[in-house]
Amino acid sequence: MGFRVLVLVVMATTSALPFTFSEEPGRSPFRPALRSEEAQALRHGLTLLLARRADGQPPDMRQPEMRRPEVRQPEFAELSVGQRRWDVDQCMYYCLTGVVGYSYTECQTMCT
């Protein structure tokens, strides 16, 4: 989200600059630029976005957050420590001897 705000600020400031570069001979390299409706709309949108952010409201452009449902395994919590250790060892054995060829750290990450 911070990157989008930074991009909007850069776009608004560069489009709001009062001068553009001109390479016509005999003229000043800078001439006044016209402020377009698009630049004004962008500045207005940025102002609203920053005002909402200051108020603590989520901006309209942001996607609603999707929460994943928690996957709970009650049978694992009810197992004894020795039984859990056996399951981890068995998982490690099948992971390391499998056809896929996982490394030890990959298997350890998946099994624990």
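From the backbone N, Cα and C atoms, a Cβ is placed for every residue, glycine too.
The compositional bias 'Basic and acidic residues' annotation in Swiss-Prot covers 62-74. The disulfide bond annotation in Swiss-Prot covers Cys91-Cys111, Cys95-Cys107, and the record cites similarity to another entry as its basis. According to Swiss-Prot, the feature region 'Disordered' maps to 53-74. Summarising the annotation, Swiss-Prot assigns signal peptide to 1-22 and lists sequence analysis as the type of evidence.
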Within 10 Å of the Cβ of Cys107 (disulfide bond), how many other Cβ atoms are there? 19
Indicate the candidate from Cys91, Cys95 with the smallest number of other Cβ atoms within 10 Å of its Cβ, considering only these disulfide-bonded residues. Cys91
